[in-house]
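Q: Right, I'll just put the structure down here and ask away after.
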């Protein structure tokens, strides 16, 4: 979680700060592009900086490149798929065919998206009761599948039963039954067209299934069959050959020999395939707008009321995009989740890899930037310059500092805390412009720009070294060079802020003082 104000953000190297300006601009100013790239500094106030500044907790670290890696610098790879409800791992080979959803008895409520449970109709709120019929119950909003007229004969195989049941208890035909019905209707249309052309008075009887508009599944099945027939007509006899060649024909062998013959230098022009036509009938997936459908929906809205309509979130969650009323809702199968690993985009080094076990939240590999990069934090420094201000300092230690009460022209001291997570000491050099860029020019002064931060050793080593110093004559105070044991300020200074001195130091951390003078608009 990111720190509250004042916070510290870190800039990633993937930020495109070394992009040179246009060549015409360099030519007019007489500046070589390479020098301009090297001398250009990172501007945290530029619009592009919003995509390169991150809290330290959101960054990873690549040990091979020795650079921090932000979410744009990593490549994610999916390790496994699993259902968040039943925690069952799904093979990757069936994820695409199942629509990235669980095929077990895991369903969500279509009203509030909470997990739904399978219970009996005898006592829906008593899971221990046995006996059918069965239904889906939402334990949060108390929605049941009975509201849409769906009951199940068994408490297992809910997906297969739901695929055969429609709202209101009607039976949904299977894919094979749809194909047979489509072929039967095509034959009827052919006979009807022949009778019309021949002028015969005999016509086939009207089919009772033609009454009413086709469902969304029927339209999809007709359109899918139409495009499959079109692709089969355009596909060559050999699907691995770019040419329409029939290998059983004698002329095909001569055409193949001409392709590899060196005597013929002129290449034969390939014929363009015949363009595919569009759907022209309802049996081919063509849907025409009917004003009577809109009239029926408006009448139903007047009768049912606005409370029976779906919200935008509920409508988008449904598999059928044409649903509008609560009676058209369908239970939603749980969407699968994934466990993902992260790699460095430059060297493909593994940065993060969770354990393959679904119920485990541990990581096999997790290279966090906070374990390799020093952490910087900033806060206001409460100091008292006289003995009469002791009561004010005690009250300020209790009450938090109000950062909104900064006044222009009045200096305020901040404490910059640097902690070292490494097992080796580091040398820190700080630099900042004397006046901050932007609309308000603020003067910032670092009282101690160079200092050392100790290694992140064992805490018992620090305790033993502290006991040795105490036995030798008490804790040492910081000297002008910043060396010595743990302490604050300088000896005899009473904790006053001085230039060139470290404010406080610990085992693997050091604090220095910054003096900030807020400015006005356009003034220092």
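Using the three backbone atoms N, Cα and C, a Cβ is placed for every residue, glycine included.
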Q: Give the range, chosen from 452-474, 475-497, that TrEMBL lists as region 'Disordered'.
A: 475-497
Q: Out of 112-165, 166-219, 328-381, let me know the one TrEMBL marks region 'Disordered'.
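A: Checked against TrEMBL: region 'Disordered' maps to 166-219.
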Q: Under TrEMBL, the annotation region 'Disordered' belongs to which of these stretches: 234-261, 262-289, 290-317?
A: 262-289
Q: Going by DSSP assignments with H, G and I as helix and E and B as strand, what are the residue counts for the compositional bias 'Basic and acidic residues' (174-195)?
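A: The composition, in the requested order, is 21 helix, 0 strand, 1 coil.
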